[in-house]
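As given in TrEMBL:
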- H66, D104, H312, E316: divalent metal cation binding site (BINDING)
Amino acid sequence: MNLRELVSALNDFASPALAESWDNVGLLVEPSPPHTVNTLFLTNDLTEEVMEEAVQKKADLVLSYHPPIFTPLKRVTWKTWKERLVVRALENRIGIYSPHTAYDAIPHGVNNWLTKGLGACTSAPLHPSTAPSSPAEGTHRIEFCADAEHMDAVLSKIRDIPEISCLTTLPARVEGEEQTRVSLNCSQKALLEVMALLSQNSLLYHKTEIVLLQKPLLPHTGMGRLCTLNEPVSLSDIIQRIKGHLQLPHVRVAVGAGRTLESPVKKAALCAGSGSSVLKGTEADLYLTGEMSHHDVLDAVANGISVILCEHSNTERGFLSELRDALAVHLQNKINIIVSEKDRDPLQVA
């Protein structure tokens with residue numbers, strides 16, 4: 001497939017608009033066009049060892065779950081390992097694409113895969129995503145009525161205000177008088193300017209209606225998951241299930257205050273990777289994530305919530321095999337898709 005065609009297909013699989021605002025997702029490194037992709041190489045972390053594997057396996061595009069370029073690069077030299085990744089990629093005509101938190105949000109993504117380690121359950125996003133594109137522009141809609149005497153002057157001044165959209169006028173009859181109803185969408189900043197303008201005429205101001213525009217929530221899409229198990233299970237059994245699902249010999253466990261390893265778990269909140277900000281404040285019997293700060297663990301335990309920590313990328317990497325199969329279907333088996341054998345969590349128990 002042509003690289004741009006493939007990137008478009010990957011964006012359809014998981015829209016970059018679903019990623020968190022702080023994230024750096026999408027095509028990060030692009031060889032000079034035209035660039036054909038025969039082999040797509042999947043990895044959780046693009047380290048130098050993994051890049052050499054991609055080169056040896058003649059990959060044309062690396063899909064790295066974590067973006068190897070996150071903070072801006074001021075130069076591309078051989079001095080730092082992330083700069084060297086870019087050099088090696090371009091030397092070998094390998095593109096780099098990263099989905100990161102877009103894959104966290106989608107219904108068929110990383111967090112959905114992680115829920116399977118709990119056993120039979122129903123789940124819902126902890127922080128639902130809103131539709132990335134919606135017919136309505138702006139954050140507010142303003143509607144007011146004006147007579148012909150004021151209309152031209154008011155509309156002329158409104159049109160000079162930035163961040164105004166969807167401005168329409170329609171004939172209207174108000175208290176038996178022929179008037180014009182004005183409707184417009186605007187940003188929060190523009191709202192203040194429009195209302196300041198309308199407040200100069202008390203009749204216009206009192207006839208003004210303001211509606212908050214909210215984008216619709218996307219079903220089953222968003223950050224984290226709150227899972228309700230079909231049947232309560234002891235914490236010790238959940239630990240064994242998680243270890244089996246992630247294929248880990250050990251996990252770290254903090255038992256909630258007043259709980260034991262035999263205490264039942266009915267509700268579990270989870271977030272792949274580093275989940276403190278997503279899980280914080282959620283009422284549950286258990287928090288499951290890769291890593292949390294010491295003080296966030298103490299807070300959870302004090303509130304009677306047990307915590308299972310599996311290390312950051314261990315809660316993500318196992319998804320790659322499922323992703324390979326899903327992308328094969330999505331891309332209609334047009335390209336070869338392989339999963340890195342060198343990609344691994346940097347931490348181990350010694």
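Cβ from N, Cα, C; glycine included.
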*So for H66 (divalent metal cation binding site), how many other CB atoms are inside 10 Å of its CB?*
17
*asked:* An 8 Å radius from the center of the H66, D104, H312, E316 Cβ atoms defines the neighbourhood of the divalent metal cation site; name the other residues of that chain inside it, in order.
replied: N44, Y65, H100, V110, A272, G273, S274, G290, S313, T315
_For D104, H312, E316, listed as binding-site residues, tell me which one has the smallest number of other Cβ atoms within 10 Å._
H312
